[in-house]
């Protein structure tokens, strides 16, 4: 195979790579401010690598979310909620309504303050 044959082969491989790209993206339920079961699905963008379900009172949020931002602080700020029960997961359609009954994380700002206060007191007592 000469130079021309190698170039043709390379070109074909490049075209195959472009057209056969799997482009797999995570699929999540997405119904912001929903109070009922969510049945609308969406394909998440590449920077949103997890599905979120968060419950605050009667409001239930379903959406794509960045996994590293799945913390009480981030969720509380973004959703403007003071108390949340939430769950982030990384499988297709894993943020279904019943998942919070089986687990999830419930925190409020008061709980976070109660958890942090002993550590602050200990650090303060160690400081001369």
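Backbone N, Cα and C define each Cβ position, glycine as well.
Its own atom aside, the Cβ of residue 28 (disulfide bond) has 28 Cβ atoms within 10 angstroms in the protein chains shown. Annotation comment: Swiss-Prot describes 28-51 (among others) as disulfide bond, evidence class similarity to another entry.
Annotation for residue 31 (disulfide bond): spatial neighbours 38, 39, 40, 60, 61, 62, 63, criterion Cβ-Cβ under 8 Å with sequence separation of six or more. Annotated disulfide bond per Swiss-Prot: 31-38 (among others), in sequence order, evidence recorded as similarity to another entry.
Swiss-Prot lists 44-64 (among others) with the feature disulfide bond, giving similarity to another entry as the kind of evidence. Packing around residue 64 (disulfide bond) is summarised by its Cβ count: 21 other Cβ atoms lie within 10 angstroms of its Cβ, all protein chains included.
Listed in sequence order, the residues of the same chain lying 6 or more apart from residue 88 (disulfide bond) and placing their CB within less than 8 Å of its CB are 50, 51, 52, 65, 67, 70, 95. Feature annotation from Swiss-Prot assigns disulfide bond to 70-88 (among others); the stated evidence is similarity to another entry.
Per Swiss-Prot, disulfide bond is recorded for 89-94 (among others). Here residue 94 (disulfide bond) comes close to 28, 51: these same-chain residues lie at least six apart in sequence, with C-beta atoms under 8 angstroms from its C-beta.
Taken from Swiss-Prot, the feature domain 'UPAR/Ly6' covers 26-108. Taken residue by residue, the domain 'UPAR/Ly6' (26-108) breaks down under DSSP into 17 helix, 32 strand, 34 coil.
The N-linked glycosylation site annotation in Swiss-Prot covers 43 and is backed by sequence analysis. Cβ-based neighbour count (10 Å, all protein chains) for residue 43 (N-linked glycosylation site) stands at 14.
Positions annotated as GPI-anchor amidated asparagine by Swiss-Prot: 102.
Swiss-Prot lists 1-25 with the feature signal peptide.
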Taking just the CA atoms, what is the gap between residue 64 (disulfide bond) and residue 43 (N-linked glycosylation site) in Å?
8
Find, among the disulfide-bonded residues listed as 51, 70, the one whose Cβ has the highest number of other Cβ atoms within 10 Å in the structure shown.
51
